[in-house]
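Chemist: This is the structure I want to talk about, given as structure tokens.
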Amino acid sequence: MSAKGVSEKEHSPMMRQYLDVKDRYPDYLLLFRVGDFYETFFDDAREVAAALNIVLTRRSNEIPMAGFPHHASEGYIAKLVKKGYKVAVCDQVEDPAVAKGIVRREITDIITPGVTYSDSILDDRHNNYLCAIVFLRVGRQTVCGAAFIDVTTGEFRIAGLLPEDASVFLRSLHPAELLVSAADRERSETLRHALPAGTAFTVLDEWLFREEQAGEILARQFRTHSLKGFGIHDNPAGQVAAGVILHYLEETRQSSLQYITRITPLQSGDYMTLDLQTKRNLEIISSMQDGSINGSLLQVIDRTRNPMGARLLRQWLQRPLLRAADITMRLDAVDELKKMKPFRESVCCDLGQISDLERALARIATLRAIPREVRQLGSALAVIPLLKQSFQDTVSKRLCSIADALMPLPDLVAMIESAVDPEAGASMRDGGYIRKGYHQELDDLRQTASTAKERLLEIQQEERERTAIGSLKVQFNRVFGYYIEISKANRDKVPPYYEKKQTLVNAERFTIPALKEYEEKILNAEERSLVLEQQLFQALCCRIAGHAEVIQENAALIAEIDCLAAYAVCADEYGYCKPLIAEHTGLRILNGRHPVLERILPADEPYIANDALFDDRQKMLMITGPNMAGKSSYLRQTGLIVLLAQAGCFVPAEQAEIGVVDRIFTRVGASDNLASGESTFLVEMNEAADILNNATAKSLLLLDEIGRGTSTYDGLAIAWSMCEYIHRQIGARTLFATHYHELAELEGLLPGVVNYNASVLESGDRVIFLRKIVRGASDNSYGIEVARMSGMPSAVITRAKAILAGMEKRDIATPSSSGLSLQSMQISLFDEIDTRLRTAIEVIDIDRMTPLDALVELKKLQGLVRTGNII
């Protein structure tokens, strides 16, 4: 049942109030506070009940209803938002006891996947991006721009895109929520299908996507008349996207945005683009096995000490640098930290004491922080002078720059320390979090309440003596205030001037004029104290937010120090070397190792290191050899070493010289994309086409088993043709692993193609995979041996060996390579059958055949193909 299914006259006043609010927030799940519960109604109730697995009930007029206790709301809301829902919270904003008529309710918070500050929803080591993509008509062409923000850190970026690259950008960014225009339905649907699982998709009105609207809101946010100083003036579509984001934040009641102090262009020339396939195939951030961090490059490299560094490290690994000078500057800083172990350990200790400045600032600026968070921010800021002093004596260019750029805020630290009690807890309800001596009026109110409470103890003693009731007590609760409690056993001793307030099973409660007088003094002082304390705390938060730009700059520098130190720890503990970075298109890795596999091997099993050499004479390494011999690991290893080097990290190798790579493309493994109706082979061909269309001479191509998803002939032809195209048209450094041994012929036909193989050691009827990549081609795939190792029944293995021996004896399914050339590949299989088939077809008299005769003849030909005999 929807809200429209019931006449408005049938609704209660509260339900009419609910419907009025729901009309203003139709796209949100509305959580409506009713007493101690948040309730949902109509279709919202069905959604909530299903999403949270809670009971769906009904009100008196059959209205569906589902709810949960308000004290447990954070966990329930987190579950809803993680499932992609947008939630509006409608609270009671007046005391039901004093309300005249229906209790007044208002929207107090809006939470969406891209706009949340909740620790129950966020991962402190992962950014939470809200993104907008805009397609804008400029003259005769359509331009595309994107903007994305993490409201929990204040990071706000803008990017210019080619329209056809928007989907790739989204898959790479992996935002929590995407904003698009209702006017561009076709492109919006394309983007929806490109979104990673779990990303919320929000369609907004067309009028929000106007340049004038965006310009006004950006100028207002950054208090400027021109955006030229931000370097984004030449990206109109990106500006519109940024304006849409800011409007959406205002719409979702994010009114305190002063901590968002800058917007930064994401320059494509600064960073390497890693598409989703490359991230997945190289397992940079998550493993292919279960999607978790376990088994990924990030798990090995992340030795950061605080959340800011952890988030930045994820960005570094997903955005390797493209300029040799920038890479070398980062490597030099890592080198210095690696060599200075005692200094590095001291720095890491300091980093461990620094809380998440970025997210704390966002919560403080939006008045969502609790006193303990403010105190932690002050403690973190107090470490900055120590870090600045520590780095004064460093020599590498980047570390010196960091030392100069760190900006201590001693006055702000002193203010926080003087204002917030170090014992402040998580709750603000009972006050007491502002320190004594910070504000005179607050101290006076507290003193008044304290003095009055002391007088209550005196009243208690006086009444005990006056009534001779030794158990008489003066107590307090939130419902009845202060009262005198007397047990039933002493009921006959109660004086007549005692005014009864409440009767219990075993006691009665009273008040007297003196108690009323001091109760009023205490409650009045405490109420005023709580209000004043809250005002002082909010004022302190606003003062802190006024330093947002400096705090964010310090946070960025601390995160960078954390990442550099983490790199240095990896280099020191894992035995990594400092790569030499150059602008040429060569690549020289000596005794390289896979950074993840070497960490998970048993301690007594050494990792087999391998070289990777590219120069003018070696542009394409054709790698043959059996499955399980290490070909795929070798490809991934090479890609990860290049990626680490350009991310500014030392690499797992004895020596490495990296000619800067502009893109790393991978085609390693494939599976069906059932959602898009794509087969394994089509997925493979789509990925291969993307590589051929976008790779350059400065790219690194990692191609594994191209063509295996189709017939032998088709697959070999495609693989051969791709090799030729890469050699002639692209000239990229290429590792080409294949089970088509015929491709080894290319070494003699295409200059720069060089054969390598994954070596094995044969011992009787067994083989040992050595995991060593050596010069030369392989002539055996050892497929039966791999099948034996997998645990296949011995009868199957024995029969397979017999079949293979027979096929090799008759030269069946073994292509001849002598006819392969650049002009044609004339591979002849089943020569005898082909000849007989051709003869049988030639003698058929088609003109005299009836349809039935044709079917009979076709059956005979089919028998020849299947069995080698005419049926």
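Backbone N, Cα and C define each Cβ position, glycine as well.
In case it helps, Swiss-Prot gives these features for our protein:
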type	residues	note
BINDING	G625, P626, N627, M628, A629, G630, K631, S632	ATP binding site
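Each of the listed features needs to be described in terms of its position in the shown structure.
Modeler: Of all Cβ atoms in the protein chains displayed, 18 besides its own lie within 10 Å of the Cβ of N627 (ATP binding site).
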Chemist: Using DSSP with the three-state reduction, classify G625 (ATP binding site) as helix, strand or coil.
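Modeler: For G625 (ATP binding site) - judged by DSSP and reduced to three states - the answer is coil.
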Chemist: 10 Å Cβ neighbour count around G625 (ATP binding site)?
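Modeler: Excluding its own Cβ, the number within 10 Å is 29.
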Chemist: Determine, for the ATP site, the additional residues of the same chain whose CB lies within 8 Å of the mean position of the CB atoms of G625, P626, N627, M628, A629, G630, K631, S632; present them in sequence order.
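Modeler: Going along the sequence, the neighbours appear as A737, A758, F769.
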Chemist: Provide the three-state secondary structure of G630 (ATP binding site) computed with DSSP.
Modeler: coil
